[in-house]
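Listed in TrEMBL:
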type	residues	note
DOMAIN	16-99	domain 'ATP-sulfurylase PUA-like'
DOMAIN	327-478	domain 'APS kinase'
BINDING	Gly335, Leu336, Ser337, Gly338, Ser339, Gly340, Lys341, Ser342	ATP binding site
Amino acid sequence: MTGAAADRPTFTPGPDAMAHLELILNGACPLTGFMTASETASVAKRGRLPDGTPWPVPVTLPVPDELVAAERVLLTDAEGAPLAELAVSERWWADGGHRLAGEVHFARPPVHGVYRSLRRAPVEVRGSREIGALAHRPMLAVLTDRPLHHRALHQVRAAVKEIGGGGPVEVLVLVDAPFDDEGAVPAVLAAEPLLPPRTRFSVLTLPRAGTTDGTALPAGRAEQLAAHVAARYGASHLLVNRDPDQPPAVITDDSPIPLVAAGEWAYDARTGAWRPAERISAGEARRELTPTEVEDMLGRGEALPAWFTSARVSAELARRRPARVRRGLTLFFTGLSGSGKSTVARGVADAVRRAGRTVTLLDGDVVRRMLSSGLTFSRADRDLNIRRIGYVAAEISRHGGVAVCAPIAPYAATRAEVRAMAEETGDFFLVHVATPLEVCEARDRKGLYAKARMGEIPEFTGISDPYEAPDDADLVIDTSDATEAESVAAVLRELRAGGWLPRMAG
Ligand SMILES: Nc1ncnc2c1ncn2[C@@H]1O[C@H](COP(=O)(O)OS(=O)(=O)O)[C@@H](OP(=O)(O)O)[C@H]1O
Ligand SMILES: Nc1ncnc2c1ncn2[C@@H]1O[C@H](COP(=O)(O)OP(=O)(O)O)[C@@H](O)[C@H]1O
């Protein structure tokens, strides 16, 4: 998003650049600004800045074309609050986009981000330790973006013992969470009583992209980034948990603090306790549940087993991911005009209501009157219309409701945005009403196709404007040869099978 002031435009960085900016502003990296092309190349190649300072990942600022000429740019959060001013020293180009490099000057303490009070800057954590004996105590950093179940808790306790040799060790849990979503934060905090006594928490957002083209960080670089950031927080060691199925990460000499490899722990079904895997007799070792297994159990409303995780963490996860019969759902119909979206959506909404759930029907016509009046059928306006629907649906979902949406939504990228938005607060289910154009046109309930054919309505979907058929639909229906009741029943069947409706309803 760009703003207008002539001499100093404003700009809200995207998620990765925002994470980069936060690293610069809070002192978690050795940089005072965004990298130049040569700094980026050096870091990508050698894991070091040109002056030899070790640093594992590019820290760059991609900007839209209209910002390229700017000398100074005011960087703001998503709500427009100023965060910092960039004094541009270099403009460069990578992977199809412009980048700006230059010093960043702090404007105002950031207030954005979920759990802001827990987003402690490294200096705050270090400062609170630089007195007396604390300064010399080892501090083990644990970076996580997921809840700590029994396995992880055992690994932390074992590493504390290994580092401290019986003496006191502090633990710093760094929770990597997105800015605009609580992520795993509450579930991680729920494990506090089960962690060693001297444990503190800090929330941060690490960049996910390892290169300028947005590809994910390779494993070795992700570990290095974690080690550098942890060291800035004052940690003396970093616990690293390598997936035994993955090839070992390349460890360079550049790690600022020692990496402590977490041992492999498993649940011993014979003794009923977690133990190092090598001490468990063959056939008795049970590995922890996978995230998919956890998600499935939560979806069915089942409590997570006590051998796997604590009741506290389990309760927190159940709060965030209630059983699907109570969880928010965005049921999104897409298809050509006249394909049957409104008719089927109405029938489904009634049945879902009868099943006892709270439903809001966001039908195309009503939305265009209430939320999107004044918008045209240009691509930009259609996208805006769909984003508005997605935003409202996600909020309905956040409160456990079912949002049934029935716009044409012709563009795949915009539907993907809505899916991402909706999945932050609940589930998303996409129904493609794939009735062929000929059938829709023959129905021509509102006489619009005839007008479009005569050129009286420009940009008419399917005639003179595109419709990108989804390849990610959860259900495809064609209403050409079905009755309305049959089409409605097809959708309800899927909702029941997925667990969003009690089995007998409808
Ligand atoms: N140019 C053009 N193209 C497509 N549709 C048009 C157009 N102009 C008006 N209409 C009528 O508007 C309804 C589609 O609005 P939507 O909000 O669902 O469209 S979009 O998702 O924003 O593309 C659509 O209603 P449905 O028949 O319910 O789909 C049309 O009746
Ligand atoms: N199986 C079916 N499901 C939905 N609509 C059907 C079906 N069979 C015929 N129709 C008719 O097709 C038309 C679909 O219109 P509508 O639901 O407004 O479509 P859209 O919202 O996609 O523009 C209605 O006149 C409806 O009666």
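Along the chain as shown, the residues are counted starting at 1.
Here the Cβ of each residue, glycine as well, is placed from N, Cα and C on the backbone.
TrEMBL annotations: computationally assigned, not manually curated.
Annotated features taken from TrEMBL, shown on the structure.
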residue: Gly335; record: ATP binding site; Cβ within 10 Å: 30
residue: Leu336; record: ATP binding site; Cβ within 10 Å: 24
residue: Ser337; record: ATP binding site; Cβ within 10 Å: 23
residue: Gly338; record: ATP binding site; Cβ within 10 Å: 23
residue: Ser339; record: ATP binding site; Cβ within 10 Å: 28
residue: Gly340; record: ATP binding site; Cβ within 10 Å: 26
residue: Lys341; record: ATP binding site; Cβ within 10 Å: 27
residue: Ser342; record: ATP binding site; Cβ within 10 Å: 20
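In terms of DSSP helix, strand and coil, the domain 'ATP-sulfurylase PUA-like' (16-99) has 24 helix, 28 strand, 32 coil. Filtering Gly335, Ser337, Gly340, Ser342 by Cβ distance to ligand 1 (under 6 A) retains the following binding-site residues: Ser337, Ser342. Averaged across the domain 'APS kinase' (327-478), pLDDT in this predicted model comes to 96. The residues near the ATP site, meaning same-chain residues not in Gly335, Leu336, Ser337, Gly338, Ser339, Gly340, Lys341, Ser342 whose C-beta sits within 8 angstroms of the mean position of the site's C-beta atoms, are Ile408, Val433, Thr435, Cys440, Thr479, in sequence order. Mapped onto three states, the DSSP output places Lys341 (ATP binding site) in helix.
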